[in-house]
Structure formats: structure tokens, C-alpha cells
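Down below is the structure, laid out as C-alpha cells.
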Amino acid sequence: MEDKNSVIVFKNVSFQYQSDASFTLKDVSFNIPKGQWTSIVGHNGSGKSTIAKLMIGIEKVKSGEIFYNNQAITDDNFEKLRKDIGIVFQNPDNQFVGSIVKYDVAFGLENHAVPHDEMHRRVSEALKQVDMLERADYEPNALSGGQKQRVAIASVLALNPSVIILDEATSMLDPDARQNLLDLVRKVKSEHNITIISITHDLSEAMEADHVIVMNKGTVYKEGTAIEIFDHAEGLTTIGLDLPFPIKINQMLGHQTSFLTYEGLVDQL
């Protein structure tokens, strides 16, 4: 399979957690564009988190294929390909493994047998990129939730991934910390040309994306740019998703397009 513009491709993927259970994913096909921000959105039970598990190998497909950089993922090559993908999970407390910040970032590098001098350089650079270098010696209980997620991103960046998956990574943060983290992710994507995949139930987060995949009941419900998705926003509420505030207001005002950021809403008003 040759697709130079996609980093990950799902082709007719189906999955069930138990052989006698209903399928969580049903004949799912989509492409993740290389170097872009893709948001995979859906309510609970839509299959979005299962997609993340398949991408990082926690689960294996029952039928269909997953390709990474044009290579079909198999048991033989998975470990090699997996090293190129980093993931940040929902609960920041569950992913902090070091006693202090810099040890947490170094943990993955130690597992990859990175030499000490190189490890020190990578840890410092990664913490600097997420504005946490001054807190390198802090214990986790001295950090806010948003700061812990920054450390989690630094731990991933230190491994030089091509893809970062955010699995509901902002869902436990307050609105300010959430927006700060999304701004950081946008900066990291731009500076390193990293592919971002955000798994979320929050359509506000999808507004940040270049490419949006909406999941419903284990199938792809809609796919396109954020503008394309929100220009037909009425269908999103029927599958249990809550529209972002500026789009709700824009619809109430009767404007032609549904897609609107907070800044755009202010301009309209």
C-alpha cells in the first residue's frame, strides 16, 4: 500500500473485546495525514479509545489492516514501529513514574538504553520545550494537573516520536489549563512537524484540528476538515455530542456557516 501523505491508515478494521461480544469497531477505514492534527471525536462507547489502543498495540485487530508509513503492522515489526509513537493519557497522576520531574522524563530514555550524556541533553531540551525546565527537581505533588500533562508531553518528546496521541489528555483539566495545553501541543506540532492525534469527546478540542474523524457506534460517522464537520453541525447533536459554545451562538444568530472560533464570535458580535 502506497500513501506518502498518510502516517497511519486503518483499512476495513473490525474489533471486538471478546469473541462472543458485539463489535466495538465495524469495518473502519480512515487515513491520518502526516504532519497534521487529527481529532478523533465521539461519545462514550463510540470506539474512539479502542482506536488509540490499536494504534499503540494494547489491542490487536480482529480483521482488516493497520498501516504505519506504508508498512502493514504485524507481530514481527510492531515493536520497531511502536517506538515512533508516543501517547499521553487522561489522568496525569497515573502516568507519573519518577520521583521528580526530570527522572520521569528520563524513564523512557533509560528503557531505550540512551547514553547518560545524551539522556541529560534530551531531558533538558524536552523540559525546556514545555516550559518546565525550572521545575525539573519538583516532586509530582507540587505540580498542577496541567503541569503534570506538560511533563507527560516532555517524556514523549524526549523519545523523538513522529506521532503523539493525546487520549482524552485535556479532559481532567480546568478550562485555562486545557487551553494552555492545546496551545502547547500546537506549538510542538509546528516546531517539530509531529503528527498529532487527539482522542476526545469534546468538540471544542476538535476545532483545533486540521482533520476531524467523528465516530459513532463503532463506525466513521463523518470525516473532513473542522469547517466541513461544523458546517453540518446539526447531525452531531443527534449522536450525543455537545456543540462548542461559539457554534451554538452562531446558529442562534442565523449565520450561514456553523464553524466559528471564540475570536470569530467576538468579531461577528
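Even glycines carry a Cβ here, placed using N, Cα and C.
Annotated features in Swiss-Prot:
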type    : residues                                               : note
BINDING : GLY42, HIS43, ASN44, GLY45, SER46, GLY47, LYS48, SER49 : ATP binding site
DOMAIN  : 8-242                                                  : domain 'ABC transporter'
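Shown on the structure are the features that Swiss-Prot records.
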{"residue": "GLY42", "record": "ATP binding site", "Cβ contacts under 8 Å, 6 or more apart": "LYS48, HIS201, VAL214, MET215, ASN216, TYR221, ILE239, LEU241"}
{"residue": "HIS43", "record": "ATP binding site", "Cβ contacts under 8 Å, 6 or more apart": "HIS201, ASN216, ILE239, GLY240, LEU241"}
{"residue": "ASN44", "record": "ATP binding site", "Cβ contacts under 8 Å, 6 or more apart": "HIS201"}
{"residue": "GLY45", "record": "ATP binding site", "Cβ contacts under 8 Å, 6 or more apart": "LYS217"}
{"residue": "SER46", "record": "ATP binding site", "Cβ contacts under 8 Å, 6 or more apart": "MET215, ASN216, LYS217, GLY218, ILE239"}
{"residue": "GLY47", "record": "ATP binding site", "Cβ contacts under 8 Å, 6 or more apart": "THR24, LEU25, VAL28, MET215, LYS217, GLY218, THR219"}
{"residue": "SER49", "record": "ATP binding site", "Cβ contacts under 8 Å, 6 or more apart": "ASP167, GLU168, ILE199"}
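Other Cβ atoms within 10 Å of the Cβ of LYS48 (ATP binding site), summed over all protein chains shown, number 25.
DSSP classifies SER49 (ATP binding site) as helix under the three-state reduction. In the three-state DSSP classification, GLY42 (ATP binding site) falls within coil. Close to the recorded ATP site, the chain also has THR50, HIS201, MET215, ASN216: residues not among GLY42, HIS43, ASN44, GLY45, SER46, GLY47, LYS48, SER49 whose Cβ is within 8 Å of the site's Cβ mean position.
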